[in-house]
């Protein structure tokens, strides 16, 4: 076995350039095949939730129409997306193709990091595992932030570990760490870790100062921008407070980031979390609030809940920690497992998942901390894994939030597997095997009975709604009925089914579906409005007027209902 590894190492060293090309082609080719299949799905053509928010914000930036307000979300991905829209066009293909290239670059970064710490064949196999890691491949197909989160955190760590005695490498690492914080502020953990690493490796004080200055420069520049456009010096972005509250409150389940109440918007799309955070805080305090004040309000609410319910808070935090380590990809916007089964079966070409990265990665960490000669570098990577993990658990568990941890875990997984082959008979090896067994149990177990059937029904409903947006009501009805088979008492599903029937011109089935939605959710103004529209089209203006009045009684600001009522009144004159 050792002789085979030595030959592989020699081959990789002699053909280093070719090896990098092979990795890049693999990391680009498999996702591209998946992208071509994904393009046949409505998810590709109709963005929703976070993807829609990113797309709309990027369009505004590309056309210099961004609102004069602080960023709600960290802006680096928005800048990338707006740059693509401005230079390559605003269709759905260009940003995804660019993301595939960036994702391929991340695979090369892992190889560059791995070859500095471990033997070349370990670095190569870890990079191959990353290129074939299904959730990473899928998220690079979406208009989501992990593509830049993974790239810049990995780039900063690689630059730190590979920095020489001069200042250029340190400067590069500092700048990349600052950009990583603009991809996701959790990456601010790189600042103390980088300082510690430079101190441990006996760098001059100039290197430490340079790293801090360049790491803080991007976040401070964005903070100054926020202050300049609005007078509110929000540090990077304002979403931290409300997200903290959503993950730490009564009735929180640890993985669902939905708001306790929905606020309706009549014109442009708004982020539902931002909308709730702003309006609920202002209603509670009875005054207008700046974004920084909104964030502070929700941080205060979170701390008060922790103080009042410490046991529940600790139990919830432990649950989130276990869920973050689960082999199940916790659904956030759209379920990875659903997309793979229903729309992109080619994702099976990328078979690696957290069931591989988590347990073996933990064993690799354990062995590297005890046996690796470059202790400072290993401790840097372990420190990043630990602190970033804690920064996730503070909020809530979700599949894409843990993706910046995955490349390092894959690197340690390959190294851990290799080391186990050589030391399984030693005392340390036996300890590692016990740890592996425990991690397999922890990662592989469904400890909280995750609502997978509900997730599937939500994704079927989402597919149906996107098909409705594409004016494909027959296809939409198929997916909406699948959703209703699993959750027949869901009013939103019945509403969408009614919209499909209405789009086909089938007023009676549409009215029946809307009536069922109203029965299940009698306080929904939308259900009254939908029924009124059906009745009006059948010439039943008096009945329609009654339903519109009911809608307005429940939501006086419902503009569409008020407009429809005015039209009926005008026609009756």
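Glycine too: its Cβ is placed from the backbone N, Cα and C atoms.
Annotations in TrEMBL come from automatic prediction, not curation.
Here TrEMBL flags 20-40 (among others) as transmembrane segment. Beyond the ends of the transmembrane segment (20-40), by six or more residues, the same chain brings 92-93, 96-97, 100-101, 103-108, 111, 124, 127-128, 130-132, 137-138, 140-141, 339, 343-347, 349-350 to within a C-beta distance below 8 angstroms of the stretch.
The feature domain 'Glycosyltransferase RgtA/B/C/D-like' is assigned by TrEMBL to 73-217. With DSSP classes pooled into helix, strand and coil, the tally for the domain 'Glycosyltransferase RgtA/B/C/D-like' (73-217) is 118 helix, 1 strand, 26 coil.
Sequence annotations record features per position, and here TrEMBL assigns transmembrane segment to 97-114 (among others).
Feature annotation from TrEMBL assigns transmembrane segment to 121-138 (among others). Using a Cβ-Cβ cut-off under 8 Å and counting only residues 6 or more beyond its ends in the same chain, the transmembrane segment (121-138) has close neighbours at 5, 8-9, 12, 19, 23, 26-27, 30-31, 34, 103-104, 106-108, 110-115, 146, 150, 329, 336, 339-340, 344, 347-354, 356-357, 399-400, 403, 406-407, 410-411, 413-415, 418.
TrEMBL lists 204-224 (among others) with the feature transmembrane segment.
The annotation transmembrane segment is assigned in TrEMBL to 346-369 (among others).
Outside the transmembrane segment (376-398) by six or more residues, the chain places 116-117, 153, 157, 160-161, 186-187, 189-190, 193-194, 196-197, 200-201, 243-244, 246-248, 252, 254-257, 317, 320-321, 323-324, 326, 330-332, 365, 368-369, 404-405, 408-409, 411-412 with a CB less than 8 A from a CB of the stretch. Feature annotation from TrEMBL assigns transmembrane segment to 376-398 (among others).
The domain 'Cytochrome c-type biogenesis protein H TPR' feature in TrEMBL is assigned to 478-568.
Taken from TrEMBL, the feature repeat 'TPR' covers 491-524 (among others). Mapped onto DSSP classes, the repeat 'TPR' (491-524) shows 27 helix, 0 strand, 7 coil.
Within its own chain, the repeat 'TPR' (525-558) is flanked in space by residues 264, 266, 491, 495, 498-499, 502, 507, 510-511, 514-515, 517-518, 564-565, 568-569, 571-572, which lie at least six positions past its ends and keep a Cβ under 8 Å from the stretch. The repeat 'TPR' annotation in TrEMBL covers 525-558 (among others).
With DSSP classes pooled into helix, strand and coil, the tally for the repeat 'TPR' (525-558) is 27 helix, 0 strand, 7 coil.
Outside the transmembrane segment (346-369), and at least 6 residues removed from its termini, the chain residues within Cβ reach (under 8 Å) are 30-31, 33-34, 37, 129, 131-138, 325-327, 329, 339-340, 375, 378-379, 382, 385, 402, 406, 408-417, 419-420, 423, 428, 431-432, 435-436, 439-440, 443-444.
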